[in-house]
Amino acid sequence: MSTDKVSVHGSWASRWVFIFAATGSAVGLGSIWKFPYMVGVYGGGAFVLVFLACIALIGVPVMLAETLIGRRARLSPANALKVLAVEAGHSGRWSWGAFAGMITALLILSFYSVVGGWSLDYIINMGKGDFQGATADQVGDYFGGVISNPWRLTFWHTAFMLLSAFVIARGVVAGLERSLRIMMPILFVLLLVLLGYSMTTGHFMEGVHFMFDFNPDRVLDGLLAAMGHAFFSLSVGVGSIMIYGAYMPKNASISGTVVGVALIDTFVSLLAGLALFPIVFASGLNPSEGPGLMFVTLPFAFGNVAFGQLMGVVFFVLVAVAAWSSAISLLEPMVAYLVERTRVRRLWVTFWLAFTCWFVGLGTVFSFNIWKQAKFFVSEESGFHLYQWGAASGLDFFGVVDFFTSRIMLPLGGLCFVVFAGWIMGRGAVRDELSMRSPVMFTLTLFLMRYVAPLGILIVFAAQLWK
Ligand code: TRP
């Protein structure tokens, strides 16, 4: 059995490149846009604590599993699972888990790009000074105006998708390192500045209580959402981290690196929440505002501080960069697979995949305006309807894609990968890849991958079904 496979897509110069790429993938709209609004929708503390537990007990083990599978095989996820399963004497059908992951990734990218587009749009709005001195209501109306215009959203969605496809097509995953090395620290500093601002609002403690006061009554409400978001935030469950693991040098420590990336990602999420909620309360906005939360609170804050216009521009540039480095990782597993499989040029593969995502993304664009009334999975007093125009309950198109990917597909994908690493690959292979010095740590890691994470996922699913 070989342990020294070489990737056809190239390999990274050092473990730092993996750290940058994986952090770039993990830190994105999930931490800055999605986490705060979900905390708001699911009532605060209960969601945050469940989320943190899911990161530690489920997310990190799955991330370890993905990284070590990728590095062991040095192939795109589908081929990695197939080759390693066959090597260990199991069925090559394990690769189906990775195919499902690719589809999930494409669906996620379809709406990710739309929201990435919002941040591009906001760079311009900030730069024009549209928010200077604005009231919270005005900012809210402004956002409402932006999303009600399908042409405007389509334009920026297209721009965002083109930017992501451009980088992927050139295969400059390593070029990522240079930009992220500069951008990530600046993003971090700006979040700290925002945090500083939110401390001056007089509502800081209200924000802290909202985020950390544990309300046991609401745990079940947000349980599946929190688990799904733990996957989303760490970029696990579709093979993004697996393909990055495939480019990771052999001598780098997987466990240290993965835990580091997970910590940074979680820290950015908490920072974003702590910066946002005090502003939400200070400005009288509603924490359960939904997907627009960040796009109304932050412009309001930037509109009312010194140098806000400039900081606002820089902030949204960085959000766009963070989103873009995540988008890349959503496309890469499928691009790598098709390049391995078909030998079609990388450029064309990327183009067609990006086009498909773009097309599906139009559904998300329209669910904020012309298809706003189109509701799926409606349960009303008159009974359950798969689809109904104008229903008060139910999910819009974006809601359906988001629900299906984050709450169902990501956990299932993660389950497949972690069971694969824990039970299928073989203990020897896992030990060799992890190469931990302490046998106790190895046993603990294996225990997390074999029992804690898979059972955790199943328990959350079960709790949701019997709620
Ligand atoms: N983690 C990214 C974010 O938080 C999004 C992302 C990138 C992702 N790759 C992924 C989510 C793979 C799920 C699976 O913005």
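Positions of Cβ are set from backbone N, Cα and C atoms, glycine also.
Listed in TrEMBL:
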TRANSMEM  12-33  transmembrane segment
TRANSMEM  39-64  transmembrane segment
TRANSMEM  94-115  transmembrane segment
TRANSMEM  155-173  transmembrane segment
TRANSMEM  185-205  transmembrane segment
TRANSMEM  225-247  transmembrane segment
TRANSMEM  259-281  transmembrane segment
TRANSMEM  301-326  transmembrane segment
TRANSMEM  347-371  transmembrane segment
TRANSMEM  408-430  transmembrane segment
TRANSMEM  442-466  transmembrane segment
* Leading stretch by Cβ pairs under 8 Å, where the reference is the transmembrane segment (347-371) and the options are 39-64, 94-115, 185-205, 225-247, 442-466 -> 94-115
* By Cβ distance under 8 Å, which residues at least 6 away from the ends of the transmembrane segment (408-430) in the same chain are close to it? -> 1, 58-59, 61-62, 64-66, 68-69, 72, 81, 84-85, 88, 90, 94, 97, 100-101, 103-104, 107, 227-228, 231-232, 236-239, 242, 446, 449-450, 453-454, 457-458, 460-461
* Is it true that the transmembrane segment (39-64) and the transmembrane segment (301-326) have 3 or more Cβ pairs under 8 Å, skipping pairs fewer than 6 apart in sequence? -> no
* Going along the chain, which residues at least six beyond the ends of the transmembrane segment (12-33) come within the CB cut-off of under 8 Å? -> 112, 115-116, 119, 173-174, 176-177, 180-181, 184, 187, 229, 232-235, 240-241, 244-245, 247-249, 251-253, 257-258, 260-262, 264-265, 268-269, 272, 291, 293-295, 319, 322-323, 325-329
